[in-house]
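Database features (TrEMBL):
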REPEAT    44-105  repeat 'FG-GAP'
REPEAT    108-160  repeat 'FG-GAP'
REPEAT    172-226  repeat 'FG-GAP'
REPEAT    227-292  repeat 'FG-GAP'
REPEAT    293-350  repeat 'FG-GAP'
REPEAT    354-417  repeat 'FG-GAP'
DOMAIN    402-556  domain 'Integrin alpha first immunoglubulin-like'
DOMAIN    557-688  domain 'Integrin alpha second immunoglobulin-like'
DOMAIN    703-796  domain 'Integrin alpha third immunoglobulin-like'
Amino acid sequence: LLVGAPKANTTQHNIVEGGQVLKCNWNSNRNCQPIVFDPTGNRDFAPDDPLEFKSHQWFGASVRSQDDKILACAPLYHWRTETKQEREPVGTCYLLAGSKFVEYAPCRSTTIDADGQGFCQGGFSIDFTKGDRVLLGGPGSFYWQGQLISDRVTEIVAKYDSKIYSTKYDDQLATSPASAAFDDSYLGYSVAVGDFNGDGIEDFVSGVPRAARTLGMVSIYNGKNMTSMYNFTGEQMAAYFGYSVAATDIDGDNYTDLFIGAPLFMDRGSDGKLQEVGQVSICLQRASGGFQITKLNGFEIFARFGSAIAPLGDLDQDGFNDIAVAAPYGGEDKKGLVYIYNGRASGLNAVPSQILEGQWAARTMPPSFGYSLKGATDVDKNGYPDLIVGAFGVDTAVLYRARPVIRVNAALEVNPTILNPENKACSLGDVKVSCTLLSLGQPHASIPLSSADFQVELLLDKLKQKGAIRRALFLHSKQPSHSKNMTITKGGKMNCEELDAYLRDESEFRDKLTPITIFMEYRLDYRTAADATGLHPILNQFTPANMSRQAHILLDCGDDNICKPKLEVSVESDQKQIYIGDDNPLTLIVSAQNQGEGAYEAELFVVVPPQADFIGVVRNNEALARLSCAFKTENQTRMVVCDLGNPMKEGTKLLAGLRFSVHQQSEMDTSVKFDLQIRSSNLYDNLSPVASYQADLTILAAVEIRGVSSPDHIFLPIANWEPKENPETEDDIGPLVQHIYELRNNGPSAFSKVMMTLQWPYKYKNNTLLYIVQYEIDGPMNCTSDMEINPLKIKVN
């Protein structure tokens, strides 16, 4: 493990708190030894005339490694030129490539002072690319506009000369200074790399947390030429949008996704008051170009959720990368929290699969557990990536080792699923009983170990409360449960076991309507599955460790003993148009009925379009049935499935309300369509005709424009004033008139391609009336004029 200790003392001569980078062995005595990047003290022009100042330089504040390369930086390193006495915090870094140590200080240049790279603080953030480049952020360059610099590792090593303090690199990529409007933006505050244009070369990502009038920005620059590609702007002032950035493919589509932290973001609580909770923006890169952005808010106030974000690799080996998000001042006594989020095909699972809690209390400062994170490296070589968490307030770095994940597959079949009490095909001693055959596919697993021990338990009629009569029992034991121990070997195939279960005599129970639930559960024996270091595996939490099937008791279904339902479904709503952005949900009133014989396992299936999300069932209307509904995905089809009864008896008619939120995914979406159908497990007539409901998506926007003139009156002719033949200043052409216009969209919909036309009286009787000196724009709009603005080049006060 590599751990930065930026306030550590070193053996450097006359240096106080120069900072260190420690190499720590995790699996033995956990001993840490410093890596000596720079053994020397301050270099000088002459005795008592230093040119650099390494005390309190924070060496180790940023550390990154790749293969046999380590880059460590001191962003508070100062130096000065021979002609100046002022110390400049240019920052410096040291690169270990193989066995060679070289200094890398791209901001230590001749362009000193605040308007150049004098306050660069190079190495404030760093990263490696796969293409043998380093990326360095210097948020203090150019009056704190900030700067990104990238150089090739091979050139840094080749051109290093300890006697030369300022080195020019031939293949350097760097951002340039912009206009004064971009001062104090902090480009380079945070950095990450990833391919965002599909050319196979990693591009550069940087947080700019004070840009756009402190709304914050994140900018992506082309990895070939450092040209701007994308800009993301925060939505709240002073949220520090861009404080942290990370890049990884979270949804498995082979496109790099972007994560942006805004730890000071404020949201309204249940009382309506603003609370600082922090936020992470998830920007999923799409094959068609652009990004789909969702937001993830923190859970505690003042926890600084989003202060650090780290790609973790694929923790559970499900084919999707995972991430960690820190809230270093959350949890009990603000000891800090780190949230683990799993990726999936639809993006990031918004529910954390695990929360790591800081265990260390500090006396003088918060522990800051999670202030720094690093993942996606398999430290213990067990095939799963691990996570390192820094807690600088208690001088601690914590290694969290990923536990091996066992994915278990099992099968359970019941045949027949409908028990006919009159069909007694099995013998219980001298008594004939109605029975069913249970086929148990004993679990087989994808395991990282040679074998694992499991206990498998099978329960009949599980939903019956303790003490109630179980309607079905195992034929061989006359008991409602069956259990066994088994060992699963790596790569082993599924073994099958068949068990007979019988139905008790009808005189022993009254309930003939509810299904008989057959439940199978398997448990891992963790004691026998630990590896050599004592690390236990874990069952995949997204694969259920149990399964259940249902059997039903056959009811009276006519002379042919075959139930033939007649299922019908219809749908209506009073909303024929849906306004994009409107908070009012769409409510579908569904009528489901059976005019035939009983329908077993009758369920209503509602195919949900991608523009809609299921909210729930209408429960505040006594006229509507309160169905039990659940959202599910089947073969990429999103559905809501509602239970209609088992059986859904003849003559049953149910009226229910389903609520959906609707949004527009693209401007091509002009309508949403829902398809509804009733399905049952009956052998015949088990489907209803499909009923559809379509609503149009409509844009509704209340746009208003208002303005004010200052002053609101000008009286002509102007007293005591004569125009000058060659005017130069504003006063030479007349009194100042200011017009301020505000264009506002009061919603609920957003819309694009808006044009505002502004006309003004420029001439009156061939003389200039309103002469425009200049105009200013605040907001996302571009303005053009059909005539030249300020053709006389009047100087603006």
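Placed from the backbone N, Cα and C atoms, the Cβ positions cover glycine too.
Note that TrEMBL annotation is computational and uncurated.
DSSP states for the domain 'Integrin alpha second immunoglobulin-like' (557-688), grouped as helix (H, G, I), strand (E, B) and coil, give 0 helix, 68 strand, 64 coil. With DSSP states grouped into helix (H, G, I), strand (E, B) and coil, the repeat 'FG-GAP' (172-226) comes out at 7 helix, 19 strand, 29 coil.
Residues in the repeat 'FG-GAP' (293-350) partition by DSSP class (helix H, G, I; strand E, B; coil) as 3 helix, 27 strand, 28 coil. Residue counts for the repeat 'FG-GAP' (354-417) under DSSP, helix first, then strand, then coil, are 3 helix, 35 strand, 26 coil. Summarising model confidence by region, the repeat 'FG-GAP' (172-226) averages a pLDDT of 97.
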